[in-house]
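Student: Before I ask anything, here is the structure I am working with.
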């Protein structure tokens, strides 16, 4: 396994729309393993392949406290089951050090393939539902900062650009 470099906002590669995985093979399973290692090391609770500059529709998530519930979503698709919105303070490994309140549907259905290529379906609520939507945004070239005001987004961009110019990670 290997740690992968995580792209940081405003890197334009984060805006790339990921392509579907055509076959779940050893290279995809290796990517999944590397993504989990990277996510746990960061530390984070979710990581999309786009964030590590691999533009395939692959997401890894583990919202457990003890890293005991790893979930893999390959070619995920979501359906909103309840239009009622939930508010969560979201952060992102690609927008380090910033957290903002984002509204998202609180109950969804997700269909995807697992690490072995088997189809599955979940109906998560709460934090897991929010995390899945956040990571799927990455696969579609979106970031959580796209859900906040242009002023706040501009402020975050400016602070991160200054940090990058100073060579701080």
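Just so you know, glycine gets a Cβ as well, placed from its N, Cα and C.
For reference, Swiss-Prot lists these features for the protein:
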type	residues	note
ACT_SITE	135	active site
BINDING	92, 134, 138	Fe cation binding site
Student: Whole-number Å distance between the CA of residue 92 (Fe cation binding site) and the CA of residue 135 (active site)?
Tutor: 9
Student: Taking the centroid of the Cβ atoms of 92, 134, 138 as the Fe cation site, which other residues of that chain lie with their Cβ within 8 Å of it, listed in sequence order?
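Tutor: Nearby residues not in the site list: 46, 48, 51, 90, 93, 94, 135, 137, 143, 144.
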Student: Write out the long-range same-chain contacts of residue 135 (active site), meaning residues 6 or more apart in sequence whose Cβ is under 8 Å from its Cβ.
Tutor: 46, 47, 48, 59, 61, 73
Student: Non-local Cβ contacts of residue 138 (Fe cation binding site) (under 8 Å, 6 or more apart, same chain)?
Tutor: 14, 18, 48, 50, 51, 59, 94
